[in-house]
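Chemist: I'd like to ask some things about the structure below.
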Amino acid sequence: MGRTTSSPKAMMRIATVAAILTILASTCMARNVLTNGEGLYAGQSLDVEQYKFIMQDDCNLVLYEYSTPIWASNTGVTGKNGCRAVMQRDGNFVVYDVNGRPVWASNSVRGNGNYILVLQKDRNVVIYGSDIWSTGTYRRSVGGAVVMAMNGTVDGGSVIGPVVVNQNVTAAIRKVGTGAA
């Protein structure tokens with residue numbers, strides 16, 4: 001068999017897909033994620049533990065901790081049932097009124113790509129997506145997940161072997177072409 005090689009760009013795509021799958025796998029019991037093109041219509045919500053991110057019937061997008069509102073889009077209009085909030089393919093999260101006009105946006109347009117909006121257990125709502133550009137020299141942890149740099153390292157160490165990617169999931173990243181963990 002021929003030797004398999006992989007570019008840093010391909011490895012980054014694999015790492016991005018693995019991170020997204022990890023986030024999605026940890027949400028099997030509760031719906032707390034929107035992916036490209038998905039949205040919340042009046043009465044629908046994302047939920048995790050005591051937090052609820054809901055598109056209300058009045059067109060106001062609100063984040064609740066238990067029954068206390070802690071953030072709102074301030075787009076509420078009495079009697080305007082039919083609004084929706086959409087995670088767009090360009091990275092922007094937008095609230096549209098009943099006539100399809102944008103009334104609020106996250107202003108996070110980054111170009112077409114793979115984006116997810118996550119209601120996290122730390123009461124934060126975050127949009128994650130493809131990096132636009134990177135030197136590949138960073139090392140950081142995001143929301144309890146290990147982030148792999150383009151050079152194949154995490155916190156200065158090799159990622160070959162078991163890597164804890166969040167509090168509940170362990171993943172083994174394999175070197176391409178060897179079959180070994």
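Counting begins at 1 with the first residue displayed.
Any Cβ shown, glycine's included, is placed from N, Cα and C.
The feature alpha-D-mannopyranose binding site is assigned by Swiss-Prot to Q56, D58, N60, Y64, 71-72, N74, Q88, D90, N92, Y96, 103-104, N107, N114, Q120, D122, N124, Y128, W133. Among the features that Swiss-Prot reports, disulfide bond is placed at C59-C83, with the record citing similarity to another entry. Swiss-Prot lists 31-140 with the feature domain 'Bulb-type lectin', giving sequence analysis as the kind of evidence. Annotated signal peptide per Swiss-Prot: 1-30, in sequence order.
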Chemist: According to DSSP, which of helix, strand or coil covers Y128 (alpha-D-mannopyranose binding site)?
Modeler: strand
Chemist: Please identify which of Q56, N74, Q120 has the densest Cβ environment, defined as other Cβ atoms within 10 Å, among these binding-site residues.
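Modeler: Sorting the candidates by Cβ neighbours within 10 Å, the top entry is Q56.
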Chemist: Under DSSP, is Q56 (alpha-D-mannopyranose binding site) helix, strand or coil?
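Modeler: Its secondary structure by DSSP: coil.
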Chemist: Could you tell me which three-state DSSP class Q120 (alpha-D-mannopyranose binding site) falls into?
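Modeler: Coil, per DSSP.
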Chemist: Using a 10 angstroms cut-off on Cβ to Cβ distances, just flag whichever of C59, C83 is the loneliest among these disulfide-bonded residues.
Modeler: C59
Chemist: Would you mind giving the whole-number mean pLDDT across the domain 'Bulb-type lectin' (31-140)?
Modeler: 88
Chemist: When DSSP is mapped onto helix/strand/coil, what comes out for Y64 (alpha-D-mannopyranose binding site)?
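Modeler: For Y64 (alpha-D-mannopyranose binding site) - judged by DSSP and reduced to three states - the answer is strand.
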